[in-house]
Amino acid sequence: MKRAVYAGSFDPVTNGHLWMIREAVELFDELIVAVGVNPDKHCTFSVDERVALLREVTSGFSKLRVDVFENQFLVNYAQSVGANYIVRGIRTASDYEYERTMRYINSDLHPDITTLFLLPPREYAEVSSTMVKGLIGPRGWEGVIRQYLPEPVYRKMLSMYSEQ
């Protein structure tokens with residue numbers, strides 16, 4: 001069985017993340033979307049909210065499950081869930097440099113786990129959770145962020161930030 005892990009903070013999940021998930025689901029028998037928890041990182045959404053939003057926007061995928069991992073190398077988590085692949089998105093040259101280094105480290109730790117890089121289409125190449133959150137504030141932000149987020153996430157962002 002070909003099982004893969006696609007990990008991130010998903011704070012919030014974007015249409016770029018969903019593109020990655022759609023592509024990876026087609027490549028593997030099972031995809032585990034793993035929400036990483038970093039206690040040193042301030043997140044907009046709690047881990048429970050991120051998991052719930054991911055489950056909602058991926059409910060149509062039968063070969064997918066959402067999980068959480070904390071305080072361990074991704075490759076060790078992948079090994080613990082029986083995954084033989086790690087899927088990573090490459091949007092920029094700096095993403096590539098970082099992910100290439102991590103791929104070599106992962107290979108040193110678990111040579112049996114392959115890291116696979118996916119390059120998103122142009123319309124998602126600049127989309128990140130950080131970018132979306134950075135657009136919030138100026139008049140009209142609600143219309144601007146809509147194109148980058150799945151509808152349930154967009155509604156959650158509206159309810160969160162419209163109250164402020």
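Backbone N, Cα and C atoms are what each Cβ position is placed from, and that goes for glycine too.
Annotation comment: Swiss-Prot describes Ser9, Lys41, Leu74, Arg88 as substrate binding site. Swiss-Prot lists Ser9, Phe10, His17, Gly89, Ile90, Arg91, Glu99, Tyr124, Ala125, Glu126, Val127, Ser128, Ser129, Thr130 with the feature ATP binding site. Marked as site 'Transition state stabilizer' by Swiss-Prot on the basis of sequence analysis: His17.
Location within the structure of each feature annotated in Swiss-Prot.
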residue	record	DSSP (3 states)
Ser9	substrate binding site	coil
His17	ATP binding site	helix
Lys41	substrate binding site	coil
Leu74	substrate binding site	helix
Arg88	substrate binding site	strand
Glu99	ATP binding site	helix
Ala125	ATP binding site	helix
Integer Å distance between the CA atoms belonging to Lys41 (substrate binding site) and Ile90 (ATP binding site): 22
Rounded to the nearest Å - Cα separation of Ala125 (ATP binding site) and Arg88 (substrate binding site): 13
Nearest of the binding-site residues (His17, Glu99, Val127, Ser129) to Lys41 (substrate binding site), judged by Cα-Cα distance: Ser129
Euclidean distance between Cα atoms of His17 (ATP binding site) and Arg88 (substrate binding site), Å: 10
Position of peak Cβ density within 10 Å, selected from the binding-site residues Leu74, Ala125: Leu74
Per-residue Cβ crowding (10 Å cut-off), top of binding-site residues His17, Lys41, Arg88: His17
Binding-site residues (Ser9, Ser129), the one with most neighbouring Cβ atoms at 10 Å: Ser129
For Glu99 (ATP binding site): intrachain residues, at least 6 apart, with Cβ closer than 8 Å: Arg88, Ile90, Thr115, Phe117
Other C-beta atoms that fall within 10 angstroms of the C-beta of Val127 (ATP binding site): 18
Rounded inter-Cα distance in Å - Leu74 (substrate binding site), Ser129 (ATP binding site): 20
